[in-house]
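All remarks here apply to the structure that follows.
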Amino acid sequence: MTRNKPPSLFKTRHAAQVHFVGLGGIGMSGIAEVLLNLGYRVSGSDLRESDITRRLVRMGATFFEGHRAQNLIQADVVVISSAVRKDNPEVVAARQRKIPVIPRAEMLAELMRLKYAVAVAGSHGKTTTTSMVATVLSAAGLDPTAVVGGKVNVLDSNAKLGKSELMVVEADESDGSFLHLHPSIAIVTNIDPEHMDHYGDLDTLQSAFVEFCNRVPFYGLNVLCLDNPNVQALLPRIEKRFVTYGSSHMADYRLENIQLDGFTTRFNAYRREESLGEFRVRMVGAHNAFNALAVIAVAEEMDIPLETVRESLAEFGGVQRRFTVRGEAQGITVVDDYGHHPTEVLATLAGARRAFGRRVVVAFQPHRYTRTHDLMKEFTTSFNDSDVLFVTSVYAAGEERIHGATGDALADAVRAHGHRDVTFVEKRTDLPAALLPRLREGDLVLTLGAGDITHVGPELLELLRTTPLAKD
């Protein structure tokens, strides 16, 4: 079968126009930014303007609010994400005009084609690990191009055009499109049974990861987390070279003695029995020590000086919406985090509890009805490290409502499984007012979720600055 691919685009960059349907998406915008920096003409549409689209317009992109056939103008290729429906008017018009329509991952693969690429895949930790790899390679003077699924604080962007032949990308497994990629080095952080609406079962998901790992060339490398049973189960089926990392003594790269101290995580790293010394990252949670260990493994295999790795990880400024402090008022610290899967919630709350030793108040917004439905059982025990839990309605992300997969049903289920302080607040906008009377000086408030829960932190801080806390 012949694929719709635009090879001519990369020979005529100054004449070619690439149109993105869903330009404001975090994955789409990163590719668009790299293409703009390479000299391509970029246009795109989305349902509404955002900080992301405004940034791209300042860089030279043309933005259309709303999806219409006339937005295509002189597009040579149309790029879509898995969230774009087949009946989208721009997609329909492109097909009628015989303009190639390709998935986001295929355009990313075209950018990677002539590069030595590192791709980071896994259910959790992709964005942080991708950002760490890019940071370490940059510190080593290798100046990679990077396309990340989140805004890297030091870049204030999710993309960077480098001058070298190296590229670092985040590989999205959600719809199987990461199988378009052919990385030289592949990292797999973990595998959890998610995106079952696409894969159907865990075996099919694992098979996709096996195929991804076997796409590296004969001179390439896979870096696999041995602590994750679903990743370890892949090892007999991996035909290309791999190294493992984790806390197990069977791992090629091992960590020990994880220490959480406020916003810093420290650990000792080993390559087999050889000590590599202590490392620290300015991030909360043992899971970030594992992310850093994967980066150490890549750097060691690429012969990057160990001290460069140590220093750059210590200076790594993190990624937005990954335990990001939004502010402090009346002795209450407000933090925002993207965590929306039970594993992510569990790790983030455990890190917060261990690192700060303070009362943890959580406001959680479930993300997608399918995820809430499929992982309801796992969610019920994910909030044990919170002292007070507020749950709001599901952020649909375009999905149809599923009976029983609602925010109030989740709150009831968590309560039924033993949590003693759970409150359901239907409207996200009512959360700040609901939280305020429950807060005490010294509390850590954590807003969790991949939707618009991120707005609650600033709204709560504004309220705290104008309204005294209730007396005990």
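Numbers here mean position along the shown chain, with the first residue as 1.
Placement of Cβ uses the backbone N, Cα and C atoms for every residue, glycine included.
Keep in mind it's a predicted model, so treat the numbers as computed, not measured.
As given in Swiss-Prot:
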type	residues	note
BINDING	GLY122, SER123, HIS124, GLY125, LYS126, THR127, THR128	ATP binding site
Spatial neighbours of LYS126 (ATP binding site) that are distant in sequence (at least 6 apart) but have CB under 8 A:
VAL120, GLY149, GLU170, ALA171, ASP172, THR189
Nonlocal residues around THR128 (ATP binding site), in sequence order (Cβ under 8 Å, 6 or more apart):
GLY150, MET283, ASN288, ASN291, GLY318, VAL319, ARG322
Are there any residues at least 6 positions away along the chain from SER123 (ATP binding site) with a Cβ closer than 8 Å to its Cβ? List them or say none.
GLU173, THR189, ASN190, ILE191, ASP192, GLU194, HIS341, THR343
Taking the mean position of the Cβ atoms of GLY122, SER123, HIS124, GLY125, LYS126, THR127, THR128 as the ATP site, which residues outside that list, in the same chain, have a Cβ no more than 8 Å away, listed in sequence order?
VAL120, THR129, THR189, ASN190, ASN291
If H, G and I count as helix, E and B as strand, and all else as coil, what does DSSP give for GLY122 (ATP binding site)?
coil
